[in-house]
Each structure stands twice: as C-alpha cells, then as structure tokens.
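Straight from TrEMBL, the features:
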{"type": "DOMAIN", "residues": "51-119", "note": "domain 'Ubiquitin-like'"}
{"type": "DOMAIN", "residues": "141-222", "note": "domain 'BAG'"}
{"type": "REGION", "residues": "221-308", "note": "region 'Disordered'"}
{"type": "COMPBIAS", "residues": "246-272", "note": "compositional bias 'Low complexity'"}
{"type": "COMPBIAS", "residues": "281-301", "note": "compositional bias 'Low complexity'"}
Amino acid sequence: MMSGNRKQRVALSPVKEAAAVPKEEVWEVRPGGMLVQKRSPDADPPPVPTIRVKVKFNGVYHEIYINSQASFGELKKLVSEKTGLHPDDQKVVYKDKERDSKAFLDMAGVKDRSKMVMLEDPAAKAKRLLEERRTSKAERAAKAIARVALDVDKLATKVSALETVASKGGKVVDADVATLTEALMRELVELDSIAADGDAKAQRRAQERRVQRHVETLDAIRAKNKAAAPSSNRTRRPAHLPPRPQNQQRRQFQPPAPTTATAPAPQTQTAASWDSFDLLSSVPPSTSAAAPVTSTTTPSPRLEWELF
C-alpha cells in the first residue's frame, strides 16, 4: 500500500510543476503607438472612466461628460446638442492645436476637467452646405425620374396592347395612336426639363430612350394603318346599277373656253378746230376763219408791228 501511494505522488508531481509555470505574456500595439499587454477575450474589460471636459464656445463654458477614450468627433456631437452648431462646422482647439475628429481624447492628453476651445469653421460650413444642396438636387431629380418612369410604364402597357392587335391584323383606331403618342411626347418633355447629374442623368437618358422606342412603335402602327387604308376605303358601285363597260371612257369635265371679246378700236380724237384770230391784226375776220389745226410743226410767220 505504501509503495502504491508513492507512485501516485511521483506521477502527480510533474503536473503540479507544470501548473506552477507562469504563462508567457503577449503584448500588442494600440492605434496611438503605445505598447500594452494584450487582454484576454474572456476577461471582463476594465471600466472606462468618464471625465468632465469644459468646452468654451462664444465666451461660454459648457461642461461635457464623456468617455475618456472617446474621439473628438464624439465630443463635437455632444457640444452640438448644447450649442446647436453642426458637428462638421466645428473646430476643436486643445493646447493651441487643432484636433482632428478621428483623434482620441486620451491620446491627446485630455484629462478630467480639461479645457478646450470650440470655434466655427466657415469653410467647412460652406462645403457642407454645397454638399447638402447637391444631395438634395440629386434626390429631387431621382424622385422626378421615378414618377415619370411610373407613368411611362402605364403607357407602355397600352402601346403593347395596340402592337398586339396590329400584329394579328386587327384594326387600330388612329385616335388611340395619336393620344398615346401625345402622352409619350409630354413625358419626354418632362424628362428633358429635369436637371440631373451623375447616376440620375444616366437614369434620365435610359427613360428617354425607352420613350423614343415606344413612339417609334406607334409610328410603325400608324404607317401600317395608312398602307391598309386605300384598299378598305375604296368606293364600290351599287349593285342595282348595271356594270360599267370596260371600253367606256369617263367623261372629263372640260371648262368652257374663254370667249375673247374684241376690244373696240381706239377712236382717234381729232383736235378741235379753233379759229385763230388776232384782234390787233389787220386781217379781216372772214379771212382768218378757220382752217383746222394740223399737227405740222412749221413755225408760224412772225408779223411786224407798226407803232402809230
């Protein structure tokens, strides 16, 4: 019995010695460059202390309670709740140095009751407003394109129905084709009025091409109707009338020839015969009576006058 107990003690002794050997420590490097001992995932993390920070903004100090291992970005969010200033428009200055939003408080040396200054960044505010305006414009364009796409879907169903009827040889009413074409053109004009950039612009182009395809389909249906119209609209001769002889030629209406009225010959008007007389002349009136005035251009003789 004694010998058996000794063997058991000898066999258990190496296990106790192995358990007594301490485990090898494992180290890790934190994001800030500090070398620390690696924590076991099964072990409970140590409690992180909460610190009180005094932030000065527009001459007023605001007390912020925050985790000591939080980032400056989280601090900006808490300050925004008290001041109303957007986190992206804030600039944190600690120890005369501007701090990045991704930096951590404990790495920057922030402790309990530390003081820092919060400033408004005009450049960051302008950049944020431009980005918000661009985003809002893209959202409005996307909503407008989606609304037009929904209307085009409804019209596409009607176009498909007309195309099916036309492909089977059925009669398609021209008024329906014209109504659908007008509706599609209105949607095309509305798409053209939407100002879009980037992805929204690509969506608008896709919808425009889709509308154009539907309009081309309606044009093909209208052309098919026009091609079939002469054979269907041809006038037929009534059954009670005898058939028209083949060699009978249709009388063509010829307008009457215009009567040419002979214009009367122009009447030559003779110039009125005037009696030329001279009161101061010595020629008697009977001799000065009148021969008709001719159209000769011979000059009349000059008479010599005597003064008495």
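Cβ from N, Cα, C; glycine included.
TrEMBL labels come from automatic prediction, so no person has curated them.
In the domain 'BAG' (141-222), the DSSP tally of helix, strand and coil residues is 70 helix, 0 strand, 12 coil. Note on the domain 'Ubiquitin-like' (51-119): DSSP counts are 19 helix, 28 strand, 22 coil.
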